[in-house]
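Q: I have a structure here, written as structure tokens, and I will follow up with some questions on it.
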Amino acid sequence: MAEAQAQQDAVATPASVQTRSRWEDFSRTFLSNRLALFGLVVLSIFILMAIFAPLVAPYDPLSQDLEGKFAGPSLAHPFGQDELGRDILSRVIYGARISLTAGLAAVAIATTAGTLIGMVAGFFGGYTDSVLMRLMDVILAFPSILLAIVIVSVLGPSLANAMLAIGIVFIPQIARVVRSSVISVRERDYIEAERALGAGNAQIIFSGVLPNSTAPLIVQATLTLATAILDIAALSFLGLGARAPTPEWGAMLTDAFESGFGVFVEGQHALIFPGVAIALAVLSVNFVGDGLRDALDPRRRG
Amino acid sequence: MLGVSIVVFCMVRAIPGDPAQILLGQSATTSQVAEIRDRLGLDEPLPVQYLLFLKDAVRGDLGDSLVTGRPVTTELLVRLPATFELTAFAMLIAILVGVPVGVISAVRQYSLLDKFFSVLALTGISMPIFWLAMILIVIFGVNLELLPFPGRLGPTTAITSITGLVLVDSLLTFNFAGFWDGLLYLIMPAIALGTIPMAVVMRMTRSSMLEVMGEDYVRTARAKGVVPWRVVFKHGLRNAMLPTVTVIGLQAGLLMGGAIITETIFSWPGIGQIAYESVSRRDYAMIQGVVLYGAALFVLINLLVDVLYAVLDPRVRY
């Protein structure tokens, strides 16, 4: 036993050294990517904005001022006022809370379920693998937004259900990524070694397989986040997500759009700013995702 | 496909509320509800209901719309040409712009132009499609008054319907004014719908071109003294098209989702618009029909892509 321990230590030491240099390597590549850095900065601003929304926002996002309907940008209201005279800047700031949280929640659902399914399918293989992956294929056979629409119709329209629906739709992508990296790791010598040391399946999965499958998982999850934010906004637009008067970015655009044709003439700013917020947030996530992929995948390094 | 139909069936049945009750309204008596339930076969056990549904579905009968009372299939077929015209045009824009830009970016890798296009493409896939549509309306429809909206044709334009495709019908009847009008109405929705596929096609073309241009046979061709543009198009692009075609096929699903939104914003009388309406009116028979046909189409398109693969790449044989 003592000998085995010593052997494990001997294996562990070079591994930890390698992990650190890998981390250094990763951060250097990532930080030298200007677009990824830009994305990270913008995203941080959005997150700070979301956390400190009550402190940052100049007005209550729900308080109406019908006198100021579609009033254009001014010093008092830098982004102008919307169809009910609400301050758009404040609504965009509070919207960061809802839209980002919703996107993250959807990705969390997809990642948790997808990792579990991919892990089990990849690790055990055989019959389990076939059944789980066919199930994933059925989900993939639907155009994603159509499936989300059906799920929300079944559960009833609400922001929480929209998150759940988007989460479910993205499970197969995560599951596939995890499965393929698990399969490539499964037969490695160090897994064999763990098994020889008497580790059970669960232990091998969590200590051996999972940590070595994280890189592609992180990349996939980040890129999924970008799509999730977009799709949740789209569901809100279809009336299946956040409802008025919630200051969610997609719902803000919907409310403005549905207020009538006048918005295209006099309320253009009400259409521009929430959309810019969505696009900027998603773009930053995409930049970060691309940067992560380039930094984590040695094959892509130029 | 069978799995898909089971999932759709179960989900639609899981939607809360008794369809018979919805059909008759709140004032219906219990006996009326019972009669309708009997007529719709809702008293049968679920597996039997599913088989009945499948039997009808295979023959193209997906039941009647709960709102208009007309058969779902008819309702969808009437609107198919409008959606087809829109998506085809959007895809055309996506390919005509995406492929050349991807090739240029790959040939001039890391140039300023390449970086510019890359950021532009990423911006393209980061924009919510309904926002892009609204911004297009604001810029070209309202502020510049260049392009007309909403709908498919101006109120004064009449076109004899043959195929249901405005552009084809107007040309067949030599109605050039109608053709021009239809084209103008088509531009904004098509750009809105085509932007994301365009960006995706561009990125895919670029990366597969880069890969192919590094191959030995490309180097050989260069060494042989083949003119550069021939190397790029004959040796490079032809082989780089394979992944691009796959990606184009995969865009089909995205286009369907995008069509729902685009058609709603531009009041385009297609399947997407009816999908949106049936969602907001809780017309479950219609939703079921749209999703089922959508999934079927999606599977079909991917099959088509596989076949196309074999045509493009002689190494692939089935």
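Positions of Cβ are set from backbone N, Cα and C atoms, glycine also.
TrEMBL lists these features:
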DOMAIN    B:80-309  domain 'ABC transmembrane type-1'
TRANSMEM  B:86-107  transmembrane segment
TRANSMEM  B:119-142  transmembrane segment
TRANSMEM  B:182-201  transmembrane segment
TRANSMEM  B:240-261  transmembrane segment
TRANSMEM  B:290-312  transmembrane segment
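Tell me what's around each of these sites.
A: Under 8 Å from some Cβ of the transmembrane segment (B:119-142) lie the Cβ atoms of residues 148-149, 188-189, 191-193, 195-196, 198-200, 202-203, 258, 261-262, 264-266, all in the same chain and six or more residues away from its ends.
Tertiary neighbourhood of the transmembrane segment (B:240-261): same-chain residues 83, 86-87, 90-91, 94-95, 99, 102, 106, 129-130, 133, 192-193, 196-197, 200-201, 204-205, 207-209, 211-212, 270-273, 275-276, 294, 297-298, 301-302, 304-305, 308-309, 312-313, selected by CB-CB distance under 8 Å and a gap of 6+ residues from either end.
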Q: By Cβ distance under 8 Å, which residues at least 6 away from the ends of the transmembrane segment (B:182-201) in the same chain are close to it?
A: 85-87, 89-95, 97-99, 102, 120-125, 127, 129, 132-133, 136-137, 140-141, 147-149, 151-154, 157, 159, 166-167, 170, 244, 247-248, 251, 254-255, 258-259, 262-263, 265-266, 268
